[in-house]
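According to TrEMBL, the domain 'Aminotransferase class V' annotation covers A:32-336. Per TrEMBL, N6-(pyridoxal phosphate)lysine is recorded for A:LYS197. Here TrEMBL flags A:ARG346 as substrate binding site.
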There are 2 protein chains.
Amino acid sequence: MTNSFHPPQRTLMGPGPSDVSPRVLAAMARPTIGHLDPEFIRMMDEVKSMLQYAFKTDSPLTMPISAPGSAGMEACFVNLVEPGDKVIVCQNGVFGGRMKENVERFGGQAIMVEDDWGKPVDPAKVTAAFAANSDVKLLAFVHAETSTGVMSDAKQLCQIARDNGALTIVDTVTSLGGSELDVAGWGIDAVYSGTQKCLSCPPGISPISFSEKAVAAIEKRETKTPSWFLDQKLVMGYWGAGAKRAYHHTAPVNSLYAFHESLVMLEEEGLENAWARHQLHHNALRAGLEAMGIGFLVEQQYRLPQLNSVMIPTGVDEAEVRRRLLADYNLEIGAGLGALAGKVWRIGLMGAACNKQNVLLCLSALENTLAAMGADIRTGKAIAAAESAYS
Amino acid sequence: MTNSFHPPQRTLMGPGPSDVSPRVLAAMARPTIGHLDPEFIRMMDEVKSMLQYAFKTDSPLTMPISAPGSAGMEACFVNLVEPGDKVIVCQNGVFGGRMKENVERFGGQAIMVEDDWGKPVDPAKVTAAFAANSDVKLLAFVHAETSTGVMSDAKQLCQIARDNGALTIVDTVTSLGGSELDVAGWGIDAVYSGTQKCLSCPPGISPISFSEKAVAAIEKRETKTPSWFLDQKLVMGYWGAGAKRAYHHTAPVNSLYAFHESLVMLEEEGLENAWARHQLHHNALRAGLEAMGIGFLVEQQYRLPQLNSVMIPTGVDEAEVRRRLLADYNLEIGAGLGALAGKVWRIGLMGAACNKQNVLLCLSALENTLAAMGADIRTGKAIAAAESAYS
C-alpha cells in the first residue's frame with residue numbers, strides 16, 4: 001500500500017515554482033463545483049477582469065489556458081502560425097529555442113535572431129532581420145528569459161514589429177507581476193505567462209491575452225488550427241463574453257480558485273507596488289552576494305530583479321551546494337540550464353518568495369555552505385550589506 | 001477590489017467533475033515544492049505505479065498529462081496520427097466527434113463508423129469498415145460515452161483491430177475507476193482518461209498509457225509531432241524510468257498531490273471493490289427512478305453505472321428543474337449534450353459522489369421538485385424502492 005504524500009516545507013528560490021501563499025493554498029482546497037455552475041462562471045469573470053489588470057490590457061480575449069506555460073506558448077503559436085508563415089524568432093536563452101520548435105512544428109519558417117545567453121535581444125539585429133526578409137508575419141521573443149535572468153526591451157521590439165507590419169508573440173512567464181509589463185501600452189499582440197513565478201500560484205495554468213489584430217489574424221486562418229484543445233476559436237466559446245458558456249473542456253476548477261486568489265492578492269498589493277517589491281529585495285540580495293564576492297551573469301541594466309543568475313565560485317561542486325541547501329536549509333535554488341549548466345545558479349525572488357526573510361536566509365545558507373566547502377568567498381559581510389540596502 | 005472566492009458546497013451528480021474527497025482536497029493544499037525536487041520525483045514514481053494498477057497495465061509509459069482529458073485525447077492522436085494515416089473512428093456520442101476533429105487536424109483520414117446516440121459501438125460495423133479499407137493504422141473509440149451513458153465492448157473492439165493489424169486509441173475518461181477496464185488484458189494501445197470522474201480528483205490532469213506497439217509507432221514517425229507540449233518523446237524525458245529527469249515543462253505540482261491521494265484511496269478500496277460500489281449504487285438509483293416512472297436512454301446491458309442518462313418527463317422545463325435542484329438542494333445534475341439536449345438528464349454516480357446518501361438525496365430532491373412543477377411522475381415510492389435494492 002502506498003502512503004499519502006506529505007511534502008517537506010521548502011523555501012522556493014529557484015526559477016519557479018515559487019513559494020505559494022497559504023491564502024492561495026487554502027483557496028485551492030475549497031470544495032470543487034461544476035465548470036458550468038453559475039457561481040463558477042461568476043468567478044471566471046473576475047479572473048478575466050483581474051488578469052486584464054495584471055497584463056494592463058482591456059482585451060476581452062484575456063484568459064487562463066488550462067495547462068502550464070508551455071501550453072500557453074503553444075496556444076499563441078498554434079493559433080497564429082500557418083504553414084509557410086515567416087516568423088522572426090529571437091533566441092537569447094532556452095525559451096527562444098522552444099519558440100523555434102513551435103514555429104517549425106506548425107509549418108512556419110523560423111528566421112532566427114541570436115544573441116548570447118545572458119544578453120538582451122539586440123533591437124538592431126531585429127531591424128536587420130526585417131530588412132532582409134519580406135512578408136514577415138510575426139516577431140516572437142522572450143521578455144524575461146527564465147534561463148538567464150535577462151530582460152529585453154519589449155516596448156522597443158514591439159515598435160519595430162509594428163513598423164514592419166508584423167504581429168508580436170511575447171513570453172512573459174517570468175515578468176508578469178514581477179517587473180514592468182504593459183501589454184496594451186506596448187502593443188503586444190499575443191502574450192502568455194505562467195502562474196508559478198511572480199504570481200505565486202501553483203503551476204498548471206497559463207494566462208494569455210490576444211489583441212484585436214491577433215484575433216483578426218486567427219479568424220482569417222485558411223487552415224484549421226492543428227490543435228483542438230488549444231483552438232482559441234473554440235476556447236472562447238467557454239471563456240467568452242457571451243452570457244451562454246459553451247462546454248469546450250472541463251476547466252481545472254480548483255487550480256482556478258488558486259489563481260483567482262493570487263490575483264486578488266496582486267490587486268490588494270497593487271501592480272506597481274509588486275514590481276517595486278521585487279526590485280527592493282533584489283537590491284538587498286545583490287548587495288549581499290556582491291559582499292560575498294559573487295557576481296552576476298547579466299549586466300545590471302538588463303537584470304531581472306526576480307531571477308538572479310549568479311556566477312558559481314571557481315572549483316565548487318555546484319550540485320553538491322544545491323543538495324546541501326535543500327538538505328540542511330530546505331532551500332531550493334536553481335541550476336543553470338543548457339549552455340549555462342555548471343556556470344550559474346538561478347536564484348529566484350518571485351511573488352510570495354520575494355521577501356526579506358528569504359533574502360537573509362539565502363545569503364546565510366549560501367555563505368555557510370560555501371565556506372564549509374572551502375569556496376573562495378568573503379564571509380561575514382553579506383548580511384550587513386543586505387541590511388544596509390534596505391535602510 | 002475583488003473578494004476572495006468561496007464556492008458553495010455542492011453535491012456533484014452531473015457528468016463530472018464529481019465530488020472530491022476532503023482527503024484529496026487537503027492533499028492539494030500541501031506546500032508546493034519544486035518539480036525537480038527529489039521528494040517530488042519519488043512521488044511521481046508512486047503516481048506512475050498506482051496508475052498502472054488503476055489501468056491494469058505494466059507499461060512504463062503510463063503517466064499523467066499536465067492538462068485535462070481533452071489534452072489527453074490530443075496527446076494520443078497527435079503522437080500516433082501522421083499525415084495521410086487512415087483511422088477508423090467510432091462515433092456514438094459527442095466524444096467520437098471530437099476524435100474525428102483530432103484525426104483531421106493532424107492530417108489523418110477519418111473513416112467514420114456511426115451508431116445512434118445511446119447505442120454501443122456495433123462491432124459488426126467496425127469489422128465491415130476494416131474489410132472496406134486497407135492499411136488502416138488505428139481504430140479509435142470511446143469505452144464509456146460521457147454524453148450518453150453507454151458502454152461499448154472495448155475488449156471485442158480491440159480484438160477486431162488486432163486481427164486487422166491496427167492499433168487502438170480508447171477514451172476511458174468516464175470508465176477508469178468506475179467499471180471494468182483492463183488495458184493490458186484487452187490489448188489497448190493508447191488510452192487516456194480524466195481525474196474528475198470516478199477517481200474523484202479535481203479536473204486538470206489526464207492519465208494516459210501507451211503500449212509497446214504504440215511507442216514503436218511513435219518512435220518511427222517520419223514527421224515531428226505537431227505539438228511540443230504533448231510530444232511524448234520529450235515528456236518521457238521527465239516522466240521516464242531513468243534516474244535523471246530532464247526538464248520539459250513545469251508539472252502541476254499541487255494537482256499531482258491531489259491525484260496521488262485519489263490513487264492512494266483507490267488502492268485502499270481496491271479496484272474491483274470500486275467497480276462493485278458503482279454498480280451497487282446504480283442499482284439503487286435505477287430502482288428509485290423507475291419507481292418514479294422515469295426511464296433510461298440506454299438498454300440495461302449497455303448502461304454505465306456511473307453515468308445515468310434518464311428521460312426527462314414530458315412537458316417539463318428541464319433547465320428549470322436543474323436550476324431548482326441547484327438552488328434548493330445544492331445538487332448538480334447534468335443536461336443532455338448535442339442531440340440529447342432537452343431529452344435527457346445525466347445523473348452521475350462517480351467516485352466519492354457514488355454513495356447511498358447521494359442516491360437518496362437525488363431521488364428525494366428530484367421527486368419533490370418534479371412534483372412541485374406538476375410533472376407526471378409517481379410519488380412516494382422511490383425511496384423504498386432504492387432501499388430495497390440495497391437490502
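Each position is counted from 1, following the chain as shown.
Using the three backbone atoms N, Cα and C, a Cβ is placed for every residue, glycine included.
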Counting other CB atoms within 10 A of each CB, which of the recorded positions A:LYS197, A:ARG346 comes out lowest? A:ARG346
Averaged over the domain 'Aminotransferase class V' (A:32-336), what pLDDT does the predicted model reach? 96
The residue listed as 'N6-(pyridoxal phosphate)lysine' -> DSSP, reduced to three states, gives coil
The residue listed as 'N6-(pyridoxal phosphate)lysine' and A:ARG346 (substrate binding site), distance between Cα atoms, whole Å: 13
Looking only at DSSP and grouping its letters into three states, which state does A:ARG346 (substrate binding site) belong to? strand
